[in-house]
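Annotated in Swiss-Prot:
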- 55-90: region 'Disordered' (REGION)
- 55-65: compositional bias 'Polar residues' (COMPBIAS)
- 145-172: region 'Disordered' (REGION)
- 170, 189, 214, 217: Zn(2+) 1 binding site (BINDING)
- 193, 205, 207, 210: Zn(2+) 2 binding site (BINDING)
């Protein structure tokens, strides 16, 4: 079988291709009409038959985000996730985490090792990673041989921090923040009857048994 195309066959192929191109260029474009068998001249370009369609993707505009409509709408609908957790209550801890009067919390800075100085475009990411590891290790006790190792969880504490404690109590919580090239840790106390949320929040007592202050948060309010 001859694999080379003759000169007269080349001319026929070029002419056929031009005819196909002119056919589609001259045809009007109507909305979302796509390529189908009915729009192709039989015997002209059989290879085009069966090609996948190119669907028109409609993106929602900002004016439609968050609105509710009856029926089925066209286009993709965005998934809107609220930045705050609904139903958890409490007061959100401000960002960046600075100590503020009357809120009952302290801010400490996790200083970096001067011998470790990452460079390049990922410098901030590397410094934040180092600071996070040091902050976590700061509040995690070393494994004991007599007791099983438990996973670190924000809000974990001593026996008085158990939610089932009838006398009430406080639990210590921590939040990590990256502020102006430094890793800062904000510490505060919440009543044990309040939920442990992913977002850093101040909560008030709901059961009536939790004290206003405990031995953990007395230093948060400064000298009396």
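Note that Cβ sites are derived from N, Cα and C of the backbone, with glycine treated the same way.
Sequence features annotated in Swiss-Prot and their locations in the structure.
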{"residue": "170", "record": "Zn(2+) 1 binding site", "DSSP (3 states)": "strand"}
{"residue": "189", "record": "Zn(2+) 1 binding site", "DSSP (3 states)": "strand"}
{"residue": "205", "record": "Zn(2+) 2 binding site", "DSSP (3 states)": "coil"}
{"residue": "210", "record": "Zn(2+) 2 binding site", "DSSP (3 states)": "coil"}
{"residue": "217", "record": "Zn(2+) 1 binding site", "DSSP (3 states)": "coil"}
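When Cβ atoms from all protein chains are considered, those within 10 Å of residue 170 (Zn(2+) 1 binding site) total 24, not counting its own. In sequence order, 169, 171, 172, 190, 211, 213, 215, 216, 218, 220 are the residues of the same chain, not among 170, 189, 214, 217, whose CB sits within 8 A of the CB centroid for the Zn(2+) 1 site. Sequence-distant neighbours of residue 205 (Zn(2+) 2 binding site) (same chain, 6+ residues apart, CB-CB distance under 8 A): 168, 191, 193, 194.
Across the binding-site residues listed here (189, 193, 214), the residue whose Cβ sits among the most other Cβ atoms within 10 Å is 189. If you take the C-beta of residue 207 (Zn(2+) 2 binding site) and look for same-chain residues 6 or more apart in sequence within under 8 angstroms, you find 168, 191, 193. By the criterion of other Cβ atoms within 10 Å of the residue's own Cβ, the least surrounded of the binding-site residues 210, 217 is 217. Of the chain residues outside the Zn(2+) 2 site list 193, 205, 207, 210, 168, 191, 192, 194, 206, 208, 209 have their Cβ within 8 Å of the site's Cβ mean position.
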